[in-house]
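These notes are about the structure you will find just below.
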Amino acid sequence: MEGKIIQVLGPVVDVEFESYLPAIFEALDINFEVNGVQKSLVLEVAAHLGGNRVRAIAMDMTEGLVRNQIVKARGKMIEVPVGEEVLGRIFNVVGESIDNLEPLKPSLTWPIHRKAPSFEQQSTKTEMFETGIKVIDLLAPYSKGGKVGLFGGAGVGKTVIIMELIHNVAYKHNGYSVFAGVGERTREGNDLYFEMKEGGVLDKVALCYGQMNEPPGARNRIAFTGLTMAEYFRDEKGLDVLMFIDNIFRYAQSGAEMSALLGRIPSAVGYQPTLAGEMGKLQERIASTKNGSITSVQAVYVPADDLTDPAPASVFAHLDATTVLNRKIAEKGIYPAVDPLDSTSRILSPQMIGEKHYEIATGIQQVLQKYKDLQDIIAILGLDELSEEDKKIVERARKIEKFLSQPFFVAEVFTGSPGKYVTLQETLEGFGGILEGKYDHIPENAFYMVGSIQEVLEKAKNMKNS
């Protein structure tokens, strides 16, 4: 099953076979030499050109390829290692370890293109996924097997939230996580690895990187590599897995680059005509089955802050919750810098999370919204000009703002304060009490960077004694 190269167009390679036609998505291998160095390259068949000619996408740089070089058809798709041996390791798109450790000899591999779970296999019951992060659990709760969009600019704490979620899933749910770096900066991928090592969560996570400097084929398919590893834990081990994709926009962007090279006519804003279908193909595989679930957190870059751009717009259709990080909140020193009024969740309704949770969440949002509306008056006239009722609202809102902050386990190394996991029960008790006015007598500084309301009371007591 050998063929030869007839044309190289950047990351796209045309191959002709004599008596064999490889299937779409089949892997092809090329072994060649560049400046005396042996190299191997994997291609994936993307289109049939007629006759026994195929157009394939390269999963690595194509420098050094020449016409008439021998290409071998694998007879199967790209397969990547799965199972517990992938934890704590970094992989590239074709499943090779790239962390300079002992190369992995996998005992089990799965193809990266797989069918989404059928209707019979899917689980339809909606269950809340407790993260242990107060602001998320209270105001924009995640659902098991749901998809969450994490929106935020540079330096507001997306990575820290991702690491904390990985930590909490590992320690409280005894679960595993998979991180797919799609079109990531190499530096960020490197930082994440070492931060996870320091944070002690590396042995519970598998990392797959297709970085910014790699060809579009690698950046696009890396999402499937990570997803396949997560699917194994869901289907074979019956676990609830967390799947992180950073950044889902780059998945769409690399698809657009590939589409142009394959000669397809572009659609709106130069994107591929198959954008919605490609996004659906990936997102539909992220689902809850009767065995286990994959809950995904996807960082979404919004080009030029335009939410109507086809790429982010195609992601929105699939999301169950959005966690929006706000720089203004980060500047106040409140971490995690989640915007309590901008973040949304599909399961924030009395039928899904219960009457009590819903009432407390909407009550908190009303107080914060009222405080936001009063800011102009306070700026012009000062606090003293407000009515007694409004003064009370401002006091409570400031306490709520401070109480939405929380020390993280993975940030212990930097902050020096031990991390806190707050159960939903404790979160509701604390915020419910603030709304009822139970803690009106406690100074607002006692609410800053603590876990449960019990700690607030202890902190207030210590402040009083000192």
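Cβ atoms here come from the backbone N, Cα and C positions, even for glycine.
What Swiss-Prot records for this protein:
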type	residues	note
BINDING	GLY152, GLY153, ALA154, GLY155, VAL156, GLY157, LYS158, THR159	ATP binding site
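Annotation for GLY153 (ATP binding site): same-chain Cβ neighbours under 8 Å, separated by at least 6 residues, are LEU325, ARG327. Around GLY152 (ATP binding site), the same-chain residues six or more apart in sequence whose CB sits under 8 Å from its CB are LYS158, ALA299, VAL324, LEU325, ASN326, ALA337, listed in sequence order. The Cβ neighbour count for ALA154 (ATP binding site), using a 10 Å radius over every protein chain in view, is 8. Reduced to three states, the DSSP call for GLY157 (ATP binding site) is coil.
If you take the C-beta of THR159 (ATP binding site) and look for same-chain residues 6 or more apart in sequence within under 8 angstroms, you find GLU188, ASP191, LEU192, GLU195, ASP246. Excluding GLY152, GLY153, ALA154, GLY155, VAL156, GLY157, LYS158, THR159 themselves, the residues of that chain whose CB lies within 8 A of the CB mean position for the ATP site are, in sequence, LEU325, ALA330, ALA337. Its Cβ taken as reference, LYS158 (ATP binding site) is surrounded by 23 other Cβ atoms within 10 Å in the chains shown. Neighbours of GLY155 (ATP binding site), defined as other CB atoms within 10 A of its CB across all chains, total 11.
There are 21 other Cβ atoms within 10 Å of the Cβ belonging to GLY157 (ATP binding site).
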